[in-house]
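According to Swiss-Prot, the protein carries these features:
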MOD_RES   Thr10  phosphothreonine
REGION    110-141  region 'Disordered'
MOD_RES   Ser119  phosphoserine
COMPBIAS  121-134  compositional bias 'Acidic residues'
MOD_RES   Ser122  phosphoserine
REPEAT    211-251  repeat 'WD 1'
REPEAT    258-298  repeat 'WD 2'
REPEAT    305-344  repeat 'WD 3'
MOD_RES   Ser343  phosphoserine
REPEAT    350-390  repeat 'WD 4'
REPEAT    411-444  repeat 'WD 5'
Amino acid sequence: MAARKGRRHTCETGEPMEAETYDLGSEGPSQVYLPGRGPPLGEGEELVMDEEAYVLYHRAQTGAPCLSFDIVRDHLGDNRTELPLSLYLCAGTQAESAQSNRLMMLRMHNLHGTRPPPSEGSDDEDDEDEEDEEERKPQLELAMVPHYGGINRVRVSWLGEEPVAGVWSEKGQVEVFALRRLLQVVDDPQALAIFLRDEQARVKPIFSFAGHMGEGFALDWSPRVPGRLLTGDCQKNIHLWTPTDGGSWNVDQRPFVGHTRSVEDLQWSPTEDTVFASCSADASIRIWDIRAAPGKACMLTTAAAHDGDVNVISWSRREPFLLSGGDDGTLKVWDLRQFKSGSPVATFKQHVAPVTSVEWHPQDSGVFAASGADNQITQWDLAVERDPESGETETDPGLAALPQQLLFVHQGETDLKELHWHPQCPGVLISTALSGFTVFRTISV
C-alpha cells in the first residue's frame, strides 16, 4: 500500500494528527510525541487534527453510550470505496437506569471524505463553499426499541433473508431480535415516524434464553451454519444454540467445561463447522469441537496465553491465525498449526492499558486493528518489515523503539470499548466509546 510511507500518526481530543516533533532546545534532541509515553504536552499545548492522515473521519452520538455494536451487511454492494458512504449499525446502550436502555438500528449516510484546507478566494467562492458544506453534512437515522437492562454485547447475523441480532443483557438473559422492520424504517423517514409513534414499544425478542447463571459478554454466530450460536457467561459456562424449524432455538443445557473463570470472548472457526475458540479471565485460550460431549469438547489449551485476563480474540478469515488481547496490554498472534506449543508467533506491546477489542481486516490477511482502555486505536500489518539493506535507520529513539508493524495510532476517544472493520467498505473502521461512535479510514490502510 503506497500510502503507508513508514509514517505513524496519532490523534487526541477527537482530532487526528501526524506524529508531532517537539524541540527540547539545548537539553537534547527533538522527540516525537508517543501516546501514553510522552514527552508530556507543555502548558498551553494541545494536539490538533491533521486531516491529511485520514481519508474519512466522522463522529456520532446516540444519547446513552453503547458498550457494543455490530455492522449490518447491506445490499449496497461489496468493495465500496466511492464517497459518500452509507452504512448500517446495530447497537445496544448502557444507560443509567435499566428501563432507559435501547436496542438501536443506525443508518449513517452522506459520509464524505476529509477535505483539503480552504484556499483564499472571492466572496462568491465562499458562498459556494457554504452551500457545499451544507450538502456534505453527514446524516443519521435512528430506530430504537426498548430493552430492560444494559446491553453487554450485540452480534448480527442473517438467517437467509432475515437479519437478526443476538443480545447479551446485564440481567443475565440472551435474546434474539428480528431486525427486518428496523432496517426498513431507517431507509424511509415517513415509515420511521410511524414506527417511533406506534410500533417501537411493542417490539419484543423472538427468542430468549435465561439458562445462564448470570450475565455475560461472549457471543458469536457461526459464519458457516446459519443460526448456530455460542454464548458464554461470567460464571465460566458456554452454551451452544442450535436453530430449529419455526424460527426458534434449542439451547443445550450442558455447558462446555474447561474454563475456571469468566468467559470473555468466543469465535467460531471460519473454515470448520464444529470448531470454535474461547478466551477467559483465567488467562487461557481454548479450542473446542462441538462433535464431542460438552465435558470433553476442549481439544487444545494454552493455559497462560496472557499475564492476566484474556479479554478478546479474533479468528482470521484468511489465515490460520488467532489474534488475542489481554489485560496486560499485549496483542498476540497465534498460529493454530502450532497452537500446541503454547507460544505466539508474534507479540506486540503498544497499549499501556487493557486491550478492549481486536479484529482482523476482512480483506487484507496481515492487517488488524485493536483498541485499548488507554484510548488508543492501533492499526497493524504483519507484512511490514524494515529492510536492513536499505541503509535507512530511525534517528528518533522513540520511533526506533516502536514495532515495525505498527501503522497508525488513532486517539481522541474516551473509554473505548469495541471496534469493527466494515466488511463491504475496505479500510473503514468503526468504534464505540463513552464519547460516541467514530467512523474513519486512515491513509495507512
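In case you wondered, yes, glycine gets a Cβ from its N, Cα and C as well.
Summarising model confidence by region, the repeat 'WD 1' (211-251) averages a pLDDT of 97. Long-range Cβ contacts of the repeat 'WD 2' (258-298) within its own chain (Cβ-Cβ under 8 Å, at least 6 residues beyond either end) map to 216-225, 228, 230-238, 240, 252, 304-317, 322, 324, 326, 334, 336, 339. Residue counts for the repeat 'WD 2' (258-298) under DSSP, helix first, then strand, then coil, are 3 helix, 18 strand, 20 coil.
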